[in-house]
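Before any comments, here is the structure.
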Amino acid sequence: MAPRVGLGLGQLEAVTILLLLGLLQSGIRADGTEASCGAVIQPRITGGGSAKPGQWPWQVSITYDGNHVCGGSLVSNKWVVSAAHCFPREHSREAYEVKLGAHQLDSYSNDTVVHTVAQIITHSSYREEGSQGDIAFIRLSSPVTFSRYIRPICLPAANASFPNGLHCTVTGWGHVAPSVSLQTPRPLQQLEVPLISRETCSCLYNINAVPEEPHTIQQDMLCAGYVKGGKDACQGDSGGPLSCPMEGIWYLAGIVSWGDACGAPNRPGVYTLTSTYASWIHHHVAELQPRVVPQTQESQPDGHLCNHHPVFSSAAAPKLLRPVLFLPLGLTLGLLSLWLEH
């Protein structure tokens, strides 16, 4: 009889470690449950530019008739959050698809999967770009398998508060300047932006405001960006995530919604404040459980950003330079300033 061949203690430990690493990379914990939300394997890289593959595993591309139209955020193995204005009523649900695990939109990768859309739920209060209720839920036609490139982000609970000055990250494949598309192979772009209080944001949007086109920062909106401009979001990535870190966990603090031109001074990006829709989310998707956000950082007063900023002016803007209101957003990542120089 042939002798039985077994593993020694050291070999068993090594195999166990390898199995655990494999489970973590596949998005499954050792107990067989799904990956926890808001966790990333790639280390965080601050600033702006091209992201690393798998750095923002909840980022999705929403396509219509095969063309990228919006971003979105994976929040479970069946649901994606995006902006309501990405889904005009005249558009057919069957023409939408969701691309997950993508890094370069123009390059094929085994890590990328495409799902059709089974259901689209938009908030009933949404009316037009710039109005409240700019949030939508998309149910995938079949559950997605988590991996190191496909993982969910955490939804914040209703009482969640993200402090002014907190550096968050907006991501997407949008234009790099007004009417200037991201060049092939269109790698995912990232931009770190500080949060701005609603009061200061309203103050900034009243600078050089056009009376016929008022800017209203609603209670369900969140602002982030730079007062001097040059780094912002632009056309093409509405619906994408504004991801904010709290104690090592990433939360979907905002959804790219609207803005006044791309990278213009005194015009930070405006996002749908996800936490204000926690009860609406639970009503429509009971299986999703928003997560309590730890309050470990105090908000920094930021009124000086408006009242004493050198760009401040009470004069009306020249008509030829007047920006377009309520523009769907995507990332400029500072390239806007270079584009303007030419």
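Keep in mind that glycine also has a Cβ here, set from the backbone N, Cα and C atoms.
Per Swiss-Prot, disulfide bond is recorded for CYS70-CYS86 (among others). According to DSSP, CYS70 (disulfide bond) sits within a strand segment.
Reduced to three states, the DSSP call for HIS85 (active site, charge relay system) is helix. What Swiss-Prot lists as active site, charge relay system is HIS85 (among others).
Taken from Swiss-Prot, the feature N-linked glycosylation site applies to ASN110 (among others), supported by sequence analysis. Every protein chain shown contributes to the tally, and the Cβ of ASN110 (N-linked glycosylation site) ends up with 7 other Cβ atoms within 10 Å.
What Swiss-Prot records for ASP134 (among others) is active site, charge relay system, and it gives similarity to another entry as the kind of evidence. In the three-state DSSP reading, ASP134 (active site, charge relay system) counts as coil.
Residues or ranges marked as N-linked glycosylation site in Swiss-Prot: ASN159 (among others). A coil conformation is recorded for ASN159 (N-linked glycosylation site) in the three-state DSSP classification, outside any helix or strand. For ASN159 (N-linked glycosylation site), the same-chain residues 6+ apart in sequence whose C-beta sits under 8 angstroms from its C-beta are SER275, VAL292.
Long-range Cβ neighbours of CYS244 (disulfide bond) (same chain, at least 6 residues apart, Cβ-Cβ under 8 Å): PHE162, LEU166, CYS168, THR169, LEU195, TRP250, TYR251, ALA253, GLY254. Taken from Swiss-Prot, the feature disulfide bond covers CYS168-CYS244 (among others).
Mapped onto three states, the DSSP output places CYS201 (disulfide bond) in helix. Feature annotation from Swiss-Prot assigns disulfide bond to CYS201-CYS223 (among others); the stated evidence is sequence analysis.
The disulfide bond annotation in Swiss-Prot covers CYS234-CYS262 (among others) and is backed by sequence analysis. Neighbour density for CYS262 (disulfide bond): within 10 A of its CB lie 30 other CB atoms from the protein chains shown.
Under the three-state DSSP scheme, SER238 (active site, charge relay system) falls in the coil class. Packing around SER238 (active site, charge relay system) is summarised by its Cβ count: 30 other Cβ atoms lie within 10 angstroms of its Cβ, all protein chains included. Taken from Swiss-Prot, the feature active site, charge relay system applies to SER238 (among others), supported by similarity to another entry.
Residues annotated as transmembrane segment in Swiss-Prot: 320-340.
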Residue with minimal Cβ packing [other Cβ atoms within 10 Å] among the disulfide-bonded residues CYS70, CYS86, CYS168, CYS201, CYS223: CYS168
Using Cα positions only, nearest of the active-site residues to CYS70 (disulfide bond) (HIS85, ASP134, SER238): SER238
